[in-house]
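Chemist: Just passing along the structure, written as structure tokens.
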Amino acid sequence: MNLRELLTAAAITPGFEHPALNQEVKSLRMNSWECEPGSLFIGMPGTRVEGGNFWPSALAAGAIAAVVSPQAKPREGEACVIVVPDIERACGRLAAAFYNYPSQHLSLLGVTGTNGKTTTTHLVEHLLNRVGYPTALLGTLYSRWPGHCEVASHTTPFAVTLQEQLAAAVDAGCRFGVMEVSSHALAQDRVWGCQFEVAAFTNLTQDHLDYHRDLEDYFAAKAKLFTADYLKGRAILNGDDPFGQRLAQQLPRDRYWTYGLSKDADFRAENLNYRSNGVTGAVHTPLGSGTLDSPLVGQFNVANVLAAIAMGAAVGLPLEAMLNALRDFPGVPGRMEQVRLDPEQDITVVVDYAHTPDSLENLLRAARPFIPGKLICVFGCGGDRDRSKRPQMGAIAARLADQVVVTSDNPRTENPQRILDDILAGIPPETAMIVEGDRRQAILQAILTAAPGDGVIIAGKGHEDYQILGTEKVHFDDREEARNALKERLKQPLQRG
């Protein structure tokens, strides 16, 4: 495809003639240093710099042309630099056209919401694969499909990477694609050019208010996924969530299903029996009723399971097949993940990604019934992010845990002590508490001092295998640290309790 054809497909008019318009486009690049002969450079605005300003470097590296926003202010007529007013959406259109509209060649299912995206998408992938449909999964942990798996750098990739990955999944024979859709991605139009067969909304609670103006702005970003620009099929909405209820009011009744524990939900569960290794109960759906036997712990995971079943039903999966497949779901790395050295281990250690007030509360409430002794919560909050949630999380940990260990998460460029102070502002002074800014030492201390029967819940980082200190990313894995601490505990039995 030459540049003129690609621009036409993306509804972009260059406004001038140039020999480059007849050249073949061999690749799309959003970074000037990645450009090569035959590239089309798409200069995106950044938080610190205007990416379009790097068009001279892109052309010097061999790019045949550049597409930029008016903020880049290229000199007219000097080179093949095309200015578009809607650079984010133009990027989505260009990427979709260049990769031959992959979302038209597989059924794309998206999940948005503050919490539950990763678990729900993994569940849907598992159900589809078990029924026999090759499926791509794109999300917080990785992008994977048959024969391919790579660690993800963003919950939702930028438009060029996203369309490239979907095209590769189509080439690999995938019938379905399941992806997490973040509020950042929706606000930045990263998924522009994608058409979703099914879109699910899990919940909305406080998070990312360092990026969004307020909760309403955050909700407006999430709600974009359920407009005609993106969704061509059915919406799956959490009927127990007030923002899910608001979305339902914006859609025709025949365009959505609800899920939850309320009796009027289309997909609902009842007679639930929560265990340390999962939950059983009855599930009722428009497809009929069945027995729920899930290996996932906690009420919040019942909601994730119901969302996944509803999404599967929306693309034609039989209820019985989904319930059977659910029984052997392997779980998700860093989500309620138990760390155990041997079956006789005398304390429970759980690592989880909970990093919002709501997810921390759900985690501690889910763990409490299965901890016979004290519940010890180790957590911190990320730096250069929403400060207002820090005292809230401190208050939640103090209310629901028997002992709180406050530590660092990813301080980034913020003063770590200020982050700790923000958290401590929400913790009553009478709380049993340890403050240890070194996360490794905090985990070690919590595990070494736990008594038999206690539970140590390490929250915030989950699957992450790094810590961001300043601008440097260093290796750090809560699960590794927990295992090391458990080994140390075996050497020092007298320190227990």
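Note: Cβ is positioned from N, Cα and C throughout, glycine not excepted.
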Chemist: Out of ARG385, ARG387, ARG440, which is the one Swiss-Prot records at the meso-2,6-diaminopimelate site of ASP409, ASN410, PRO411, ARG412, GLY460, GLU464?
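Modeler: Answer, per Swiss-Prot (meso-2,6-diaminopimelate site with ASP409, ASN410, PRO411, ARG412, GLY460, GLU464), from ARG385, ARG387, ARG440: ARG385.
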Chemist: Could you find out if DSSP has ARG385 (meso-2,6-diaminopimelate binding site) as helix, strand or coil?
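Modeler: Coil, per DSSP.
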Chemist: Spatially speaking, which of the recorded positions ASN115, GLY116, LYS117, LYS222 is closest to ASN410 (meso-2,6-diaminopimelate binding site)? Use C-alpha to C-alpha, please.
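Modeler: So, of the listed recorded positions, the one sitting closest to ASN410 (meso-2,6-diaminopimelate binding site) is ASN115.
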Chemist: If one measures from the C-alpha of THR119 (ATP binding site) to the C-alpha of GLU464 (meso-2,6-diaminopimelate binding site), what distance in angstrom results, rounded to a whole number?
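Modeler: That comes out at 15 Å between the alpha carbons.
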Chemist: Going by DSSP, is ARG412 (meso-2,6-diaminopimelate binding site) part of a helix, a strand, or coil?
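Modeler: Its secondary structure by DSSP: strand.
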Chemist: Secondary structure at THR114 (ATP binding site) (DSSP, helix/strand/coil)?
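Modeler: Going by the DSSP assignment, THR114 (ATP binding site) belongs to neither helix nor strand, so it counts as coil.
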